[in-house]
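Copied over from TrEMBL, here are the features:
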DOMAIN    A:1-76  domain '2Fe-2S ferredoxin-type'
REGION    A:157-181  region 'Disordered'
Amino acid sequence: MTKFSVNDRPVEYRMDPETPLLWALRDASNLTGTKYGCGTGDCGACTVDIDGEAIRSCLVTIAECEGRFVTTIEGLSRDRSHPVQQAWVAEQVPQCGFCQSGMVMTAAALLRKNSNPGDAEIDAAMTNICRCGTYPRIRAAIRLAGRVLRGEERIAAAPPPGIRPEDAARAIPALRPPPGR
Amino acid sequence: MAGIRDTIDTKGRRLPPVSRRSLLVGATAAGGLALAWSVWPRDYRPNLTAAPDEHVFNAFLKIGDDGHISAIVPQCEMGQGVTTLLPQIMADELGADWRTVAVETAPINALYTNTLVVDEDSAAFMPRTGVPDFVADVRSWARREWAVRHAVMLTANSSSVRMFEAPCRDAAAQARALLMMAAARRWDADWQQCDTQDGFVTLGARKLSFGELAAAAALLELPAEPVYRASSADPLYGKDLTRLDLPAKVDGSANYAGDIRLPDMVYAAIRQGPFGATRLKRIDRKAGLASPGVLSVVEHERWVAAVARNWWAANRALDRFAPEFETGGTPISSDGIDRALAAALKGDGSRIARKGDVEDAMAGRERIAADYLVAPALHAPIETRTATAAPSGDRLRVWVATQAPAQCRDAIARATGLSPAAVTLFPMMAGGSFDACLDHSVAVQAAIIARQVKRPVQLCWSRAEEIMRDMPRAPARAKMTATLNAAGGIDALVARIAVPSTNHEVRARLFDGTPADVAQRDAAGRVDAAAVEGAGGVYAIPHRAVDHCPADIGLPTARWRGNADSYTAFFTECFVDEMAARAGADALSYRMAMLGQAPLLARCLLTATSLGGWEGGLAGTAQGLACHSMRGSHIALMATARASDKGLQVEQLVAVVDAGRLVNPAIARQQVEGGLIFGLAAAVGATTDYEGGLATARKLHQIGLPRLSQTPQILIEFIDSDRDPGGIGEIGVPVVAPAVANAMFAATGRRIRRLPLSAHPL
């Protein structure tokens, strides 16, 4: 009833089948990158990718996810290397950041279908609400990510997580490797 | 780990210097305070925790043996970029390599008191006109001392950089001096000949990294006088550095209060009654506890919380508990609020500011008047109020985003009967806020629930609770009255503003733990100069007056991004536009004629109109102007807006800002952009009606927030400046509504004198 794939791993949630996917992800799987903002599909902070579509995870039950493939912000890339993530940092999009997982997931789904969306297509796809006012940069970042996806441009704006201290020390003269290694 | 030697400067920074001797003299003159001074605590030590290979230099800096630099940020990161800005200032003064800088949130300590905001707030709140200078000095000194004793680490009033630039620079200069002294000892050289660059102390060709020196440096004694780094060829200050918090904000790893996960933790949802003197009357325990997944219920005088294994199950159970509330007095409603505002406007007001003699100037001359009305404005951050609390014995740990951590901790202590020392607060990033995190209800509630269920609890308000229980920025009504000179210029202007005494309410809630309805009642009728801040304006009008007419609207109100300036600028900038139209003058030249004493703002206005292609404000151009100064910054905005079949369409915003020197121009631009869009939201929505003590809106789409498709073209330019930094977080907000309303007049010939603008039929 509630068996499906989350970030390429099979899961079975022993929860009420009517539980919205959002709360299974957050409270059972501890995938807290997906945010609760309204529970009514208005804000889009909970957007995840289900079989290639950007879906508000507060509006689908885990029963409805049976057999499907869910990707959350944690599964979009292992190392922030997705062009949308890189473009988001290059354009300095996030402010408070709370709505941004949903924004990134929505933009990634849009660009997967169309790597060169026009203004109207961007407007139609990006219905998520941001209260900090990151909208103008989102437009620019989607265009930049599109250029990267089309191979016209490369960016390396956000470092991968988990850089080892030894590697950091090799790259940065002011750092020393940790003692005893 | 040693080398702790910090003491606080109770004189406050960036304020007229007051020597301790003059304070004592003043105190004695005021009577009896001199004794108190001698017993007041003077020294505070940093309470930072250091890792075994880390060394505390002062309250703002730790340096590790590996060379990493931990910059301590005593402000709440709520999107404004403070966790990059303050470290950037420190790294610049230190001569650090930016890639070695890490950020830690400050613990609660008097060393981080925001004396600036306390001082500014009090100055507006308690006008000093008529008070002899020396008494005023004592008051401001006593106020700052009070703030220090209470560790008032407020994040508010666009003050982060204005308040903390100097302490951060001093802290970095201290650490730098010690590092250079440690290096000089090794080299047997004069430390003052040393310099720092990219994380190294240098002397000619010799260099030692900060990491190699940190342990020895932290043990040395500071030099008597601060020594600052000479300007660098490639300063970090003023650079468009990428915000440090961005990588974590694009992969979901940035943690907010709701992302804390603890062993054995459960989830709580809450239902609170209407505004006013409300108490919980009854719940259906049996039905509620039968709801699947529910573990327990916590009843409180004013609310009920369901606890379950996941938040959705807890929230669903609340419906089955079917709580009933009882509210005393007249239920709050939009009609009642409007009536209270209108009544206050007719009643006596208090003159907050005066220049010249308006009565004399207006006597026997034609008065032109217009009324304006502004609806309450919701904070509506995307993160709803959330806190995580974990009890262990008679101690409690709480994770929450707060703009006043010491007051949050104290509120939790008061509510639980614990001592403040037994409460450990972990300040989290806020998912928005816009001053919503000055309210600590959710932290207190989470603490009470956790103590009762005796396990870690995460409480998250539903969106409906967030809308219904949000104490909004106050609604306001104004009567603007002017008399004109022969040329049509404004000779006298009176702004009478009916608005609740919000700042009295906020203080009582924040510092005394007064319940919102009680604070609202107590504040009713009291003069609050901060509630009409920004109405004094910058224009050279010979006779001017500003009155506050305290309105008792029943609804508790709160601070909000832009505060009073968000409506006073609407009143002034729309009314000035009306007067210009009346005089048949171009709105630009009409304003410029009155800006002779405000050259910085005049320059912004000229630049904005030239960038935006101002066409003289002729009918049909759809262009509108507004300008405003606040928190040491100036902004001019040119808006292009029209009525379309889809309603109001704002097509373009061209803003020019003078905010002094910019620590990080990229973040400044982001903040102004965000401020403009926040102002746009308030111009077209971000509000709700009230009925029966409750907001009528329950869902986010009902409060009219703009989405990407409604975002206009935005062009922002900063004026190059060496002035001390001005505030940047709020400056974008107040000008949007008046500029758009003025553009709508140019486009349609119709004046819209109320906010939100969309409330008016177009």
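Backbone N, Cα and C atoms are what each Cβ position is placed from, and that goes for glycine too.
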Cβ contacts under 8 Å made by the region 'Disordered' (A:157-181) with residues that lie 6+ beyond its boundaries:
79-81, 85-90
Using DSSP, break the domain '2Fe-2S ferredoxin-type' (A:1-76) down into helix, strand and coil residues and give each count.
15 helix, 21 strand, 40 coil
Helix, strand, coil residue numbers for the region 'Disordered' (A:157-181) per DSSP?
7 helix, 0 strand, 18 coil
Restricting to the domain '2Fe-2S ferredoxin-type' (A:1-76), what is the model's mean pLDDT?
97
